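Annotated in TrEMBL:
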type: TRANSMEM; residues: B:20-39; note: transmembrane segment
type: TRANSMEM; residues: B:59-79; note: transmembrane segment
type: TRANSMEM; residues: B:106-127; note: transmembrane segment
type: TRANSMEM; residues: B:147-172; note: transmembrane segment
type: TRANSMEM; residues: B:179-196; note: transmembrane segment
type: TRANSMEM; residues: B:230-251; note: transmembrane segment
Amino acid sequence: MIEIKNLTKTFKDKISVNQLSLIIHPGVVTGFLGPNGAGKSTTMKMILGLTNPSEGSVTIDGQSYKDLKQPISKVGALINGDAVNPKLTAKQHLELIAAASGIPEKQTEKMLIETGLENVKHKQVNTFSLGMKQRLGIATALLGNPETVILDEPFNGLDVDGIHWLRELTKKLAQNGKAVLISSHLMSEMQMIADRMIILAQGNLIADMTVAELAETSLGAYVKVRCENNEELISLLTEKGADIKQNKNKELHVHHLEMKQIGLLAKEKNLALYELTKVQPSLEELFVELTEGKMDYVSTGTTPVEGRELK
Amino acid sequence: MKNVIQAEHKKIFFLRFSRVYLLFTIGISLVAGFIFSVTTHVTQGRAITDLSVLEVVSANMLGIDLASILLIIFTGLSISREFTAETIYSSLTVCPDRKKFFMGKYITFFFLSIVLSVLLIALIYLSSQVILMMNNMDAANLANADIRQFVLGIMVMPVFYCLLTVAATIFFKSSGGGIAFSIIVIAFPALINMFSDTVQKVLLPIMPQSAIHSLSGTAAEGSFEALGTFTSIGLLLLWLVITSLIAIISFQKRDF
C-alpha cells in the first residue's frame, strides 16, 4: 500500500503539488486525472524517488522507495515510454534492468511474450513505434512482478489491440491484488478501467472517489422528465427542493431529487409521466466540471481542444 | 552493488558503438605511439638511434595520452546518455539509492579504464620492443627502475581522467560538461606555465598532471611539478574524492 501524506513540491515560485494526502489501495485500479500541469507526473515521480518532495512523505508499506531492498518488486513504473536507450534491443533493455535488480533473465522472456514483443525482441528500440515503446515500458514495469504498478499515460500511441490488451491487463493486475495507478487523458478508457478516481488540478486534490460517487456529487447529474403538465410538476418538485430547467423540447432537467421521489410525487398528483430517465454525466463531463477554471494551460485559438467543442 | 555493476557493464558492452569505439581507441593509440616514436627526427630533431631506450619507450607511450583523451570522450558520451535518452528514469527506479548508483558507475568505469590502460600499455611496450629491435637498439627491460616507474606511473593517467569524467558528467548532466572539465584539467598546466614562477609554484603542484609526471618519473627534479610518491597518490585521490563528493551531493539533490 502506498501512503502519501501532505506531499508538496515547489519549483521556484510554482507549487506543483500542494499538501496531497491519499492512499493507493491494493486490488483497485486507480485513475489519476488532471489537466496538464496538475501535478500528476510530479506526484508519480515523488512516489518513485525521482523527484524530491519539498514537504511531506510517500511510504510504500511503511518505507520510502529509496529504502526498499528490491524496489521494482514493490513498485513497477512506466514514467516515459521513450526513456529507453534507442540503440538497445528490447531484450537487452529488459536484461539490463533484470541484471540491476537481480531478477532471473528468464523473466525477461516471459515479459516479452506477455507484452507481445517476442517477435521484435532483437530489434533496436529506435525502430519501434510509440505503441511498441509503451509495451516495452509496461514490460519493464512488470518485470519484477511488483505489488503496485504505476503507469503514466500508458495508452499513448497504443493501437486498438494494444488498448484492449492494456484494459484487460490492468483489470487482471487488480484482480490479482495489485494496486494499479494510471494517469491518462483518455477519459473513456479511464471510465472503463478505473474503479476509483483521483483528480488533481493545480497541484490540489479535487476528488478521490469512485466514478459513481463522483456522479452523485456532480451538478451534471439530473433526472430527465417529460410530463403531461410541466407547470404543475415544476411547482410540486420545487417545493421539495429540486432545481429544474426546461429545454425547448419541453423536457425537464431535475437536479437534487431522486428519480423515485419524482415518480412518487407525480403519482400522488395523478400526473402522467411520459419519460423518467436518470442522466449520468460522462467522466469527461465530470472532469470538465471539476477542473473548470483550474487549468494552467488553456487553448484560446481556433484549434479544437481535446474533450471540448468550440462554441 | 554487484547487480548495479553488472547492469552498468551491460549498458556499455551491449552497444556496438562502445565495442567499436574501445577497439578504435586501442588501435589508434597504438598507431599514434608508433608514429611518435619513429618520427623523433622531425618532432625532437634527433634520430631514434640517438635516443635512449627510455626515451623511445616514452615517445611511444604518448599513445596513452591520446587514449586518455579518447577515453574521456567515451566516458562522457556513455554516461550522458542516461540524461539525454532519459534512461535515468528506469535506472533510478531500479536503483533509487543514488550514491549506490553513482558508485556502481564509478567502479565499472574504474575497471574498464584499468583493463584498457593495462592492455594498451602492454601493447605499446611490445611495440616499443619491436621499434628498438628494428633499430638495432637494446631491448627495454622492466628490471630497469626508470622504465618500470615510467610504465607504472603512466598507467594511472587513463584511469584518473576517466574517473574524473564520470564525476563531472554526472555533475553537469552532459557529455559536453564532463569532457570539457577533464580536458581543461589536462590543459590547465600548460596555461599556468605562461605565468610567473610565483603563480606556477602555487598552482602546478596541485594539478593532477604534476602527480602523474612525478609517479612516472617524468617530472624534472626540482621543478614545481616534482612531488613525492605518496604526495602524488594522495593528490590524485584528493581530486577524485572531492569531485565525486560534489557529484554525489548534486546528484542526490537533483529532481528528474
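Counting starts with 1 at the first residue shown.
Placement of Cβ uses the backbone N, Cα and C atoms for every residue, glycine included.
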> Against which stretches of its own chain does the transmembrane segment (B:20-39) lie, if we need a Cβ under 8 Å and a gap of at least six residues from its ends?
Replying inline: 48, 56, 59-64, 66-67, 70-71, 74, 116, 119-120, 123-124, 127-128, 131
>> Looking only at the recorded stretches B:147-172, B:179-196, B:230-251, which one has the largest tally of CB-CB distances under 8 Å to the transmembrane segment (B:59-79)?
In response: B:147-172
>> Which sequence-distant residues neighbour the transmembrane segment (B:147-172)? Criterion: at least 6 residues beyond either end, Cβ under 8 Å.
In response: 53-54, 57-58, 61, 64-65, 67-69, 71-72, 75-76, 79-80, 102, 105-106, 109-110, 112-114, 116-118, 120-121, 125, 140-141, 178-179, 181-182, 185-186, 208, 212-218, 236, 239-240, 243-244, 246-247, 250-251
>> Are there residues at least six beyond either end of the transmembrane segment (B:179-196) with Cβ under 8 Å to its Cβ atoms? List them, or say none.
In response: 68-69, 72-73, 76, 161, 164-165, 168-169, 172, 203-204, 207-210, 225
